[in-house]
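Student: Structure in structure tokens, see below.
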Amino acid sequence: MQSFFAKAAAGGDEKGGGRESESELNLMSQLDKLEHELIQKRAFVGVAPLRGNSLDTQWVAAMSIGTPPQEFSVVFDTGSGDLWVSSVGCTSRVCNSQRRFSPSQSSIISFQMDNTRWQIAYADTSQASGILGVDNVTVAGISVSNQTFGLASINAGPVPPSGTSGFDGIMGLGFEGTSDMKGFRSPITNMMLQNQIDQAIVSVWLNKASEQDAKLSNGGEFIFGGVDPSLYTGSITYLPVTSDSQWQVAVDEVYIGRKELAVSKSSSYAVVDTGSSYILLPDYLATAFHRAIPNSQYDKDLGWMIPCTLAKSTSVGDLTFVLGGQKFAVPLSDIVILESGFKGICLSAVDSWSEATNGHSSESQILLGDLFIKNHYIVYDFADRRIGFAQKVPLAPGGIGLNAQNSAPSTSWTREEHWAIMALMTTAAIIATSLL
């Protein structure tokens, strides 16, 4: 079938009744090329609205899988490379609290079962496993056909504590080589190959609970395919990724207030992970950081604790990371998360690797989770393997602290509930294996 442009050119020639001239052939060729380029440019940028919680420990987005679509809430996780949701074959306590994918409810034309098995083992000994399937996936308004994903028949993760929002699965945004579902394309790769996004870029803007209304109706957004200049000020500082498997960049310096913290050479790198709630430091650096805070305490059951008054004070200063010669700060008010069992003392959102993983991991690098990301505008550039950092624009003026009431929450959690949050969200501490 002739293209619209070719038909138009051919019609002009027929009126003349003669053979096509070289100039006319060149025109037809140029018009066909133009039409091809226009088709190639029908890609677009997709925006996924997020929903957070009052503790700023988790942001989830909507995703649908199958035909007709089955709806799920997923965590976008740059610390892993796989897409999976719980399936109807999972009957654990965790799965019973989730929406589960049912293959029988998806069209036989749309869904294909793959008997390849997968398994992800976490540092806290919980795990998820099952088989692979192929179906249509829609996220951020972008439809991807023939996407491979995991159907978890075993999801033995911790049950979310009260006051936090659960999720049904994870969409990994790590590099393709980090996937445990070997040999299959990631959603980002398929978006590009299927001409659904303009660039292999994901940018992130997280909105704090303290800057939202009481309903927490606007938790931010993930932008697939580009950046939104209205969400940041100044220029974007880009740093090359220094790891083959992780979104990791070099760290120049670390400060608390005006005090510089000594950082060893092995610790001068940071993984920037949307799948983790907090900031994790090597043990020695976590100790140095908290000792710089007056009246901080360490408890063998609860970990590091700081005065709750920091939720409304700027006396100590910010926790600042110098990246690419630019300063990116986290206010100490954001580090106050929950009141402990000790009066006036709150749990700290900055912890050590060994504490966060119950002794299962002792990494040397820094992990910058959502606690850092929510204070900045972050760009993950897959094509050029780099991360961009910029000063975010708040959606609306708000107070300090991690909740809408501008004070530390008074809820006291047990050690198990506290570490359940860490286990749920510290996906960069995953020890992942693949059983194929």
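From the backbone N, Cα and C atoms, a Cβ is placed for every residue, glycine too.
Just so you know, TrEMBL annotations never went through curation; they're auto-generated.
Checked TrEMBL, it gives:
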- 1-11: compositional bias 'Low complexity' (COMPBIAS)
- 1-24: region 'Disordered' (REGION)
- 12-22: compositional bias 'Basic and acidic residues' (COMPBIAS)
- 59-390: domain 'Peptidase A1' (DOMAIN)
- Asp77: active site (ACT_SITE)
- Cys90-Cys95: disulfide bond (DISULFID)
- Asp273: active site (ACT_SITE)
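Describe the structural context of these features.
Tutor: The Cβ of Asp77 (active site) has 22 other Cβ atoms within 10 Å, all protein chains considered.
Note on Cys90 (disulfide bond): other Cβ atoms within 10 Å of its Cβ, all shown chains, come to 22.
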Student: By CA-CA distance, flag whichever of Cys90, Cys95, Asp273 among the recorded positions is nearest to Asp77 (active site).
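Tutor: Its closest listed neighbour, by Cα, is Asp273.
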Student: Taking 10 A as the limit, how many CB atoms besides its own sit near the CB of Cys95 (disulfide bond)?
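Tutor: Step by step: centre on the Cβ of Cys95 (disulfide bond), count other Cβ atoms within 10 Å, giving 22.
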Student: Enter the number of other CB atoms within 10 angstroms of the CB of Asp273 (active site).
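Tutor: So the Cβ neighbour count for Asp273 (active site) comes to 28.
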